[in-house]
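Asks: Straight out of Swiss-Prot:
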- Thr48: site 'Part of a proton relay during catalysis' (SITE)
- Thr49, Ile208: pyruvate binding site (BINDING)
- Tyr111: site 'Part of a proton relay during catalysis' (SITE)
- Tyr137: active site, proton donor/acceptor (ACT_SITE)
- Lys166: active site, schiff-base intermediate with substrate (ACT_SITE)
Amino acid sequence: MDRAQLRGMGVALITPFDEKGEVDHESLRLLADYQVAGGADYIVALGTTGESPTIEEAERSAILQTVREAVAGRCPIIVGAGGNYTERLVNRIQAMDKTGVDAILSVAPYYNKPTQEGIYRHYRTLAESTDTSIILYNVPGRTGVNIKSETTLRLATDCPNIIGIKEASGNVDQVRAIVLEKPDPFIVLSGDDHLSLSFIKEGAEGVISVIGNAYPELFSRLIHLCLENRFEEAETIQQRLEGMCYLMFVDGNPAGIKELLYQKGLIRHNILRLPLVSASDSTSTLIARVRNQIEQR
């Protein structure tokens, strides 16, 4: 994958379900098209926001096929594939139909809490097992481990097909440390919508966004203004969206974004798979209120 294609806004696509809890491929197709038409620079399917832990292997293949058909070559597609048993993950990636897949977003090994050396060996083994580009995903709030900047830099230097990192540690100092010492082609992306402006000021080159599902045109505009160093204009958009960005996580992700998409009529059903549940009534009311404020301006 051309690393320059990661600059800008990628959308962490939700996985819509129907009233029976099955994948709603029609809503998925329409939503993927909505992202591309709205200015998303690339699509990320089957990540955290896509409820990947609850998706069966056969469903993954069908979801990817639907996304491929909807995108129709108009932008890159990145697919989430992570795990905490390296050998199993290697086998899974090797068996995956990667037709039309430009890169893999792979979350740090979770729950068993490896050391930094274990994290390094895990990702190096993945990188050596495939020619597909790999993007590291650091989200310690979910995994229980932080990929320290030193480990990221080792991987960026030692593994040519590890092309970037989605940084969702919330740690601006860590982002700064990576940016200062990384090899030139390695790309740093924000994993938090509300920190994107701050991260880009430190040298990050984009975001993998949740709020972009609902407002691709508006949030893409914010990100590209930041990349053009037009931060005052970007801050105006950020202030407009910051309340909604907060609400997306009050009841966990993707409960918030699915509620918003349902209210906007972009998905037909507001269904999550257990143990995740839909946003509470109070959160839904707040989302409706803030949505009205955003869309009236």
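Note that Cβ sites are derived from N, Cα and C of the backbone, with glycine treated the same way.
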Asks: So of all those recorded positions, Thr49, Tyr111, Lys166, which one's Cα sits nearest to Tyr137 (active site, proton donor/acceptor)?
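Replies: In terms of Cα distance, Tyr137 (active site, proton donor/acceptor) lies closest to Lys166.
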Asks: Going by C-alpha distance, which of the recorded positions Thr48, Thr49, Tyr111, Ile208 is nearest to Lys166 (active site, schiff-base intermediate with substrate)?
Replies: Ile208
Asks: Tyr111 (site 'Part of a proton relay during catalysis'): which of the recorded positions Thr48, Thr49, Ile208 is the nearest Cα neighbour?
Replies: Thr48
Asks: Determine, to the nearest whole angstrom, how far the Cα atom of Ile208 (pyruvate binding site) is from the Cα atom of Thr48 (site 'Part of a proton relay during catalysis').
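Replies: Cα-Cα distance, Ile208 (pyruvate binding site) to Thr48 (site 'Part of a proton relay during catalysis'): 11 Å.
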Asks: Go through Tyr111, Tyr137, our recorded positions, and report the one whose Cβ sees the most other Cβ atoms within 10 Å.
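Replies: It comes out as Tyr137.
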Asks: Which has the fewest other Cβ atoms within 10 Å: Thr49, Ile208, the binding-site residues listed?
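Replies: Thr49, out of the binding-site residues Thr49, Ile208, has the fewest neighbouring Cβ atoms within 10 Å.
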Asks: Near Thr48 (site 'Part of a proton relay during catalysis'), which residues of its own chain have a C-beta under 8 A away, given they sit six or more steps off in sequence?
Replies: Ala12, Gly80, Val107, Val139, Arg142, Asn253, Pro254
Asks: Helix, strand or coil by DSSP: which one applies to Ile208 (pyruvate binding site)?
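Replies: Ile208 (pyruvate binding site) sits in a strand per DSSP.
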Asks: Provide the number of Cβ atoms within 10 Å of the Cβ of Lys166 (active site, schiff-base intermediate with substrate), excluding the reference atom itself.
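Replies: So the number of other Cβ atoms within 10 Å of Lys166 (active site, schiff-base intermediate with substrate) is 28.
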